[in-house]
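Peer 1: As annotated in Swiss-Prot:
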type	residues	note
TRANSIT	1-29	transit peptide
BINDING	Ser82, Tyr102, Glu104, Tyr112, Ser148, Gly149, Ser150, His177, Ser232, His260, Gly331, Arg430	pemetrexed binding site
BINDING	Ser82, Glu104, Tyr112, His260, Lys286, Arg430	L-serine binding site
BINDING	Glu104, Thr184, Asp185, Thr186, Lys414	methotrexate binding site
MOD_RES	Lys286	N6-(pyridoxal phosphate)lysine
Amino acid sequence: MALALRRLSSSVKKPISLLSSNGGSLRFMSSLSTAAMAESEKSRSSWIKQLNASLDEIDPEVADIIELEKARQWKGFELIPSENFTSLSVMQAVGSVMTNKYSEGYPGARYYGGNEYIDMAETLCQKRALEAFQLDPSKWGVNVQSLSGSPANFQVYTALLKPHERIMALDLPHGGHLSHGYQTDTKKISAVSIFFETMPYRLDENTGYIDYDQLEKSAVLFRPKLIVAGASAYARLYDYARIRKVCNKQKAVMLADMAHISGLVAAGVIPSPFEYADVVTTTTHKSLRGPRGAMIFFRKGLKEINKQGKEVMYDYEDRINQAVFPGLQGGPHNHTITGLAVALKQARTPEYKAYQDQVLRNCSKFAETLLAKGYDLVSGGTDNHLVLVNLKNKGIDGSRVEKVLELVHIAANKNTVPGDVSAMVPGGIRMGTPALTSRGFIEEDFAKVAEYFDLAVKIALKIKAESQGTKLKDFVATMQSNEKLQSEMSKLREMVEEYAKQFPTIGFEKETMRYKE
């Protein structure tokens, strides 16, 4: 490099004159410079104008898609238990200037300058997270940078386990989640099962409850380093104390994944996992009703006094923080963290407690009405925000019913139930009460929702009976071509929409909507 620089310098004999001493040339350059400056100023004003223009003006196509989604949310039944309607104040924070800042690192230790207010927002979010779940900050810490629930779980695994160490979690067809390490006999579906060895525990298929006795026996043989207590389609409460005992025997970490139920836990209407777990993860957009993000809570401080009488401290904090950044993420989403801080403040209010109480009452009434109509619920009922309907006794599956539900403006999702062999054509439908409760639905409304669901299932059975083949595509073809059945679906859709339109919108006003019919 030095030789190259010497050659370059020796080749330059004298300075190059950019301007002639000729006066005419100077006047020409001066006028050119003035013209260029004027053009630059004009260009600058154009992009600033563009940056400050509204969405309707800049991109009417995207604006129209958003308006269509508003109409869908207003006119339909949102029954997917992992969904909710977040508040206007949260959306204002998420759509704020906090999205503009890069802030790799943690408060007080960033790799970028200009983060004094980002630090304030993240620190406030952490403080409110601990307060929302009534945690002692000397015994618990929290990372609020994780982007979503699945990454949060993977970050915990990579922080606390070595590659190919062992994880036990609830089996996906029995109500578990992909991020807990799902695999089939022939394929590792989740990346977790690629990098770690995973083994499921399951429900007792006779009762629909987790088989804790078998879990304990399996743990003795498998010797897991971490056991997950958490689910995505389990309608009953976890026995955290029982899993804690199993973890103690195996010297395993207990990870509670409360993604679905964290809002209920924050409100104190169901038992908290924090008394028993070492680490707790949650998404923030389900029952918690915040923006789309995640949190990782971890124990810190004194763990135990060992046999030598020495204090042993928890070491989760540094390991988890390093797994999040720089291990698996770069810059955090500061707009999401700011919106989460707002949601966590709401979680400490009397209104929030009343809302979560109503979520449980609504789900209980929903389950009661479905049972009265002859539906089979996995575990026979519910203790939380969701019901899992096993449709096998009705002679139909979740995929076919889901297709009809969508056409009549009821959003629910097909779901595996114990005994299923296909995740694409499962035997169940999963439904929950958080979203519609946010819109003001109470018990009598969910009794009505159950009636509309029952009508949709009956239509699905008629379509199945008229289908020429046994495949899902044959069902869809009949659904799209049979005019009589289409008329029935149209009538049911009108009934659903008229009922749903009575209730308030969340996050936007009806008067501002483009599509009101």
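Cβ from N, Cα, C; glycine included.
Burial and contacts for the listed features, if you can.
Peer 2: In the three-state DSSP reading, Ser82 (pemetrexed binding site) counts as coil. Long-range Cβ neighbours of Ser82 (pemetrexed binding site) (same chain, at least 6 residues apart, Cβ-Cβ under 8 Å): Ser232, Ala259, His260, Thr283, Lys286, Gly432.
His260 (L-serine binding site) is surrounded by 26 other CB atoms, counting those within 10 A of its CB over all protein chains shown.
In the three-state DSSP scheme, Thr184 (methotrexate binding site) falls into the coil class.
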Peer 1: Using Cα-Cα distances with a 10 Å cut-off, which of the binding-site residues Glu104, Tyr112, Arg430 are near Lys414 (methotrexate binding site)?
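Peer 2: Cα filter at 10 Å returns Arg430.
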Peer 1: With every protein chain in view, how many other Cβ atoms are within 10 Å of the Cβ of Lys286 (L-serine binding site)?
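Peer 2: Neighbour count, Cβ to Cβ under the 10 Å cut-off: 27.
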Peer 1: By a simple count of other Cβ atoms within 10 Å, which of Glu104, Asp185, the binding-site residues in the record, is least packed?
Peer 2: Asp185
Peer 1: Any idea what the Cα distance is from Asp185 (methotrexate binding site) over to Ser150 (pemetrexed binding site), rounded to a whole Å?
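Peer 2: With distance taken Cα to Cα, Ser150 (pemetrexed binding site) is 22 Å from Asp185 (methotrexate binding site).
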Peer 1: Tell me the Cα distance separating Thr184 (methotrexate binding site) from Gly331 (pemetrexed binding site), rounded to the nearest angstrom.
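Peer 2: One finds 35 Å between the Cα atoms of these residues.
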Peer 1: Can you tell me whether DSSP puts Lys414 (methotrexate binding site) in helix, strand or coil?
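Peer 2: Note: Lys414 (methotrexate binding site) is in a strand by DSSP.
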Peer 1: Nearest of the binding-site residues to Tyr112 (L-serine binding site) by CA-CA distance, picking from Glu104, Ser148, Thr184, Thr186?
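Peer 2: If we rank Glu104, Ser148, Thr184, Thr186 by Cα distance to Tyr112 (L-serine binding site), first place goes to Glu104.
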Peer 1: Would you kindly give the Cα-Cα distance separating Ser150 (pemetrexed binding site) and Thr184 (methotrexate binding site), rounded to the nearest Å?
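Peer 2: A Cα-Cα distance of 19 Å.
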